[in-house]
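J.: OK, Swiss-Prot features for this one:
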BINDING   274, 276, 309  divalent metal cation binding site
BINDING   274, 275, 276, 301, 302, 323, 324, 325, 404, 407  4-CDP-2-C-methyl-D-erythritol 2-phosphate binding site
REGION    1-267  region '2-C-methyl-D-erythritol 4-phosphate cytidylyltransferase'
REGION    268-422  region '2-C-methyl-D-erythritol 2,4-cyclodiphosphate synthase'
SITE      15  site 'Transition state stabilizer'
SITE      22  site 'Transition state stabilizer'
SITE      170  site 'Positions MEP for the nucleophilic attack'
SITE      226  site 'Positions MEP for the nucleophilic attack'
SITE      301  site 'Transition state stabilizer'
SITE      398  site 'Transition state stabilizer'
């Protein structure tokens with residue numbers, strides 16, 4: 001039985017609020033796709049692998065694979081489609097003719113344990129379709145589909161207007177996970193049908209079920225959660241830390257003897273310092289990517305966000321790319337009143353283009369006012385959102401009345417950033 005593995009990494013991660021596609025978001029020093037490859041290391045099973053990535057990210061993915069595997073042999077990295085279903089349809093074309101069974105896996109489920117892959121492969125010996133599922137722990141409520149889309153769009157905490165609610169027994173329902181396994185011929189036939197009917201399905205099991213009702217279910221795993229929203233990154237960080245603490249985790253080996261253990265890349269460290277004085281202006285203060293009403297604005301060609309500027313210089317310094325002034329200029333029309341988020345997001349893209357990823361930034365704010373502790377967590381999240389979910393730590397201190405900062409003439413910030421090169 002010749003098995004192929006299709007890794008879907010073409011999702012843009014819009015709900016993750018990341019400037020990078022989801023597969024290339026850093027968690028614990030590695031991108032999600034690298035964790036996915038790392039977790040496959042214990043399979044010891046010969047697999048032919050195809051990876052679908054967004055347009056323009058083939059080269060970056062190749063670097064990820066080389067760092068994880070040391071080789072591109074048996075790996076094909078191709079550009080995916082506009083939807084998950086399109087990416088699957090494109091990806092299955094790249095497997096060699098000898099492949100008779102296919103596993104389809106979302107890279108967003110980067111921490112799926114090896115035993116789940118092995119269980120799916122084992123069941124494919126006697127089944128045409130195999131789906132890992134996990135019990136639902138929450139109570140289930142059913143509403144009209146159009147009502148659901150409208151109500152969810154209203155945002156967290158907002159009351160539903162619809163009253164058409166059915167209360168379902170959760171014991172009858174399970175959540176589907178990946179990898180999902182299929183006979184190759186069955187999956188290809190299901191895709192041909194979906195193209196002909198112009199239908200879109202939530203996943204491959206739903207699509208295959210249109211022509212094959214006999215689908216085998218196996219128990220999935222809690223670690224096979226899907227990274228979808230920013231809060232999922234905290235869970236992913238915990239999973240990454242757990243894996244790094246295990247000495248028996250080795251890099252993925254698809255068809256060759258084990259290679260040396262994947263080591264964490266050495267961090268590159270940069271320091272950024274910035275100061276701005278207060279001015280009399282009707283505009284509000286901008287600090288740490290937040291607007292602070294009823295506080296004096298900081299002077300600057302841009303919005304004067306001293307925290308964002310210090311972080312930007314720290315990141316550029318770590319990458320040996322200069323500082324905020326040398327990269328963005330000091331008086332360009334394009335950066336007039338530019339926000340701190342603009343500088344951080346632009347720097348994040350610049351780093352990513354050059355193969356860097358942000359690990360974390362620690363920032364010390366020096367000022368008498370405003371009181372940063374009141375909005376510290378909010379500010380950390382705002383900066384993190386600009387940097388693909390990187391960890392941010394903000395703290396503040398005064399000078400006990402000494403110097404121009406002690407006299408309340410302005411605000412200073414010192415930032416230390418850690419990045420790594422893929």
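Backbone N, Cα and C atoms are what each Cβ position is placed from, and that goes for glycine too.
Values in this document were obtained by computation on a predicted structure and should not be read as measured data.
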J.: Tell me which residues of the chain lie with their Cβ under 8 angstroms from that of residue 398 (site 'Transition state stabilizer'), as long as they are six or more apart in sequence?
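T.: 366, 367, 368, 405, 406 - these are the non-local Cβ neighbours of residue 398 (site 'Transition state stabilizer'), listed in sequence order.
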J.: Closest to residue 404 (4-CDP-2-C-methyl-D-erythritol 2-phosphate binding site): which of the recorded positions 22, 170, 274, going by Cα position?
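T.: Going through 22, 170, 274 one by one, the Cα closest to that of residue 404 (4-CDP-2-C-methyl-D-erythritol 2-phosphate binding site) is 274.
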J.: Can you tell me which of the binding-site residues 274, 276, 309 is spatially closest to residue 170 (site 'Positions MEP for the nucleophilic attack')? Compare CA atoms only.
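T.: Checking each of 274, 276, 309 against residue 170 (site 'Positions MEP for the nucleophilic attack'), the shortest Cα distance is to 309.
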J.: In whole Å, how far is residue 302 (4-CDP-2-C-methyl-D-erythritol 2-phosphate binding site) from residue 276 (divalent metal cation binding site) when you measure between their Cα atoms?
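T.: Distance between the two Cα atoms comes out at 11 Å.
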J.: Given the recorded positions 22, 226, 301, 309, which lie close to residue 324 (4-CDP-2-C-methyl-D-erythritol 2-phosphate binding site), meaning Cα to Cα within 10 A?
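T.: Taking 22, 226, 301, 309 one by one, the ones whose Cα falls within 10 Å of residue 324 (4-CDP-2-C-methyl-D-erythritol 2-phosphate binding site) are 309.
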J.: Work through the binding-site residues one by one (274, 302, 309) and name whichever has its CA nearest to the CA of residue 226 (site 'Positions MEP for the nucleophilic attack').
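T.: Given the candidates 274, 302, 309, the nearest one is 309.
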J.: Mean pLDDT for the region '2-C-methyl-D-erythritol 4-phosphate cytidylyltransferase' (1-267), as a whole number?
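T.: So the average pLDDT across the region '2-C-methyl-D-erythritol 4-phosphate cytidylyltransferase' (1-267) works out to 82.
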J.: Test of understanding: give the count of other CB atoms lying within 10 angstroms of the CB of residue 226 (site 'Positions MEP for the nucleophilic attack').
T.: 16
J.: Return the maximum Cα to Cα distance in Å (whole number) over the record's 4-CDP-2-C-methyl-D-erythritol 2-phosphate-binding residues: 274, 275, 276, 301, 302, 323, 324, 325, 404, 407.
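T.: Greatest Cα-Cα span of the listed binding residues: 28 Å.
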J.: For the binding-site residues 276, 302, 309, 324, which Cβ has the most other Cβ atoms within 10 Å, all shown protein chains included?
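T.: When each Cβ's neighbours within 10 Å are tallied, 309 leads.
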J.: I'd like to know which of the recorded sites 22, 170, 301 has the most other Cβ atoms within 10 Å of its Cβ.
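T.: Result for the most crowded candidate: 22.
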J.: How many Å lie between the Cα of residue 301 (site 'Transition state stabilizer') and the Cα of residue 22 (site 'Transition state stabilizer')?
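T.: Approximately 34 Å lies between the Cα of residue 301 (site 'Transition state stabilizer') and that of residue 22 (site 'Transition state stabilizer').
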